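Below: the structure, in structure tokens.
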Amino acid sequence: MFCVQCEQTIRTPAGNGCSYAQGMCGKTAETSDLQDLLIATLQGLSAWAVKAREYGIINHDVDSFAPRAFFSTLTNVNFDSPRIVGYAREAIALREALKAQCLAVDANARVDNPMADLQLMSDDLGELQRQAAEFTPNKDKAAIGENILGLRLLCLYGLKGAAAYMEHAHVLGQYDNDIYAQYHKIMAWLGTWPADMNALLECSMEIGQMNFKVMSILDAGETGKYGHPTPTQVNVKATAGKCILISGHDLKDLYNLLEQTEGTGVNVYTHGEMLPAHGYPELRKFKHLVGNYGSGWQNQQVEFARFPGPIVMTSNCIIDPTVGAYDDRIWTRSIVGWPGVRHLDGEDFSAVIAQAQQMAGFPYSEIPHLITVGFGRQTLLGAADTLIDLVSREKLRHIFLLGGCDGARGERHYFTDFATSVPDDCLILTLACGKYRFNKLEFGDIEGLPRLVDAGQCNDAYSAIILAVTLAEKLGCGVNDLPLSLVLSWFEQKAIVILLTLLSLGVKNIVTGPTAPGFLTPDLLAVLNEKFGLRSITTVEEDMKQLLSA
């Protein structure tokens, strides 16, 4: 086992990365190794997808499957080894079908890629784990060095984050052939074990640029189906009655659940990154979408244990449900998996609803506590002139984009302290689950404009980027000249690709924490600092002083 893709990876003087019987996320060595094997099969599939496009062949089954299966290897998504192997077998079957299509056009069709003809050597998980050793990401570290390995992983993990957003967009009916062609090209190239530093740096920026397009179609999918989010108050306390909790990012799953629970007497609560759903008109119209439950994903083992109903996980993040003994009432959807937990293959939630009706639910309603969400792209752009006016009248000094992933490290209290230290004449724009560090606190307003503005999920960084570009255009300056600072928390691969997106767009002087990614060496961090001004957090006082004086 070697895995260094998330923030909680083991760090030692000898090197970074989980390499024992189990990773810090709870992923076993078996599952981790089989995920490496799956990725290798997906690289072979992408190699043939690139070749097929040379013949004008576009296989939509391949295009929809490849990013989805890659997504299953993202942190805290799928811990179920047999399902990982199932994805690998499906990848090979699709590859062989695509290969046959190519050979039908050109009998001499060949692909020069070491993964192009990979076969699974056994049906036994132990044997497959031994085969997977050929594809462990650091297998040639001694030959290439830590810097090349770090850049490879930056590209691989960034592309994995983009694949997750591609799957979210695909579920909503969004497809862009150029994006998929680019994805396959990069995925196939990474399967050749590239070792050129400049090429890898260029690839990381290409991934960021591609992801901007992915976020654009995801935004179109969400707003096209569910309307543009508008500011909405959400209750974060319990309402009496039977209940279901839904977590993750998949708004379509939430919509289907709301439709199927309507009139059943079962209330629905959002959790984690599903919180922004309350801002969408076509979702909040369901009166039994009664509120948001819990806090950051890392607290789920305590909070889910207390929730008196079933729980549905639509995407990341899931952690061991046996710890809180709720594994008999947590359900996984799509690419999510945990051994022994019931999985919903389709969009029928009747079994979950039946379980909710058999449980007690909340016995009474708590005193409501309302927070505001729903500052989507359209709302943000509508406020652009107001923001400019406030700046011109010196009522608004600075905007801080304070968002990203949450996690368990104690150092993450930095983000709470930073938020509460932001001066009264400054505004906080937030997104992703890092907001749970401060989104239930009161921040007041500036002439009626809330000082805490929740822009949505991690992918809604797109909205923040569009706002920044719009403000810069109206003010006749560059984005980096705005009174705007980005203070981002990271945990997994979606955050990595958001960072690459921002860097590829030329955004500079981003501050990140609580730690640097374990796969980025001091040399690579120095390059990113020199080229983009990217740096790690220090103290709230020092960072606030520096950012306000910039």
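Placement of Cβ uses the backbone N, Cα and C atoms for every residue, glycine included.
The [2Fe-2S] cluster binding site feature in Swiss-Prot is assigned to C3, C6, C18, C25; the stated evidence is sequence analysis. Just so you know, the Cβ of C25 ([2Fe-2S] cluster binding site) picks up 21 other Cβ atoms within 10 Å once every protein chain is counted.
Summarising the annotation, Swiss-Prot assigns hybrid [4Fe-2O-2S] cluster binding site to H249, E273, C317, C405, C433, C458, E492, K494 and lists sequence analysis as the type of evidence. Around E273 (hybrid [4Fe-2O-2S] cluster binding site), taking its Cβ as the centre, 29 other Cβ atoms fall within 10 Å, counting all chains.
Annotation source Swiss-Prot lists cysteine persulfide at C405, citing sequence analysis. All chains included, 28 other C-beta atoms sit within 10 angstroms of the C-beta of C405 (hybrid [4Fe-2O-2S] cluster binding site). A coil conformation is recorded for C405 (hybrid [4Fe-2O-2S] cluster binding site) in the three-state DSSP classification, outside any helix or strand.
Taking the Cα of C6 ([2Fe-2S] cluster binding site) as the reference point, the closest of the binding-site residues C317, C405, E492 is E492. Cα-Cα distance from C25 ([2Fe-2S] cluster binding site) to C433 (hybrid [4Fe-2O-2S] cluster binding site): 17 Å (rounded to the nearest whole number). The residues near the [2Fe-2S] cluster site, meaning same-chain residues not in C3, C6, C18, C25 whose C-beta sits within 8 angstroms of the mean position of the site's C-beta atoms, are V4, Q5, Q8, T9, G17, G23, M24, K27, S32, T75, in sequence order. Under DSSP, C3 ([2Fe-2S] cluster binding site) is assigned to a strand (E or B) in the three-state scheme. In the three-state DSSP reading, C433 (hybrid [4Fe-2O-2S] cluster binding site) counts as helix. For E273 (hybrid [4Fe-2O-2S] cluster binding site) paired with C18 ([2Fe-2S] cluster binding site), the C-alpha to C-alpha distance reads 26 Å. In three-state terms derived from DSSP, K494 (hybrid [4Fe-2O-2S] cluster binding site) belongs to a helical segment.
Residue pair C317 (hybrid [4Fe-2O-2S] cluster binding site) / C3 ([2Fe-2S] cluster binding site) shows a Cα separation of 17 Å.
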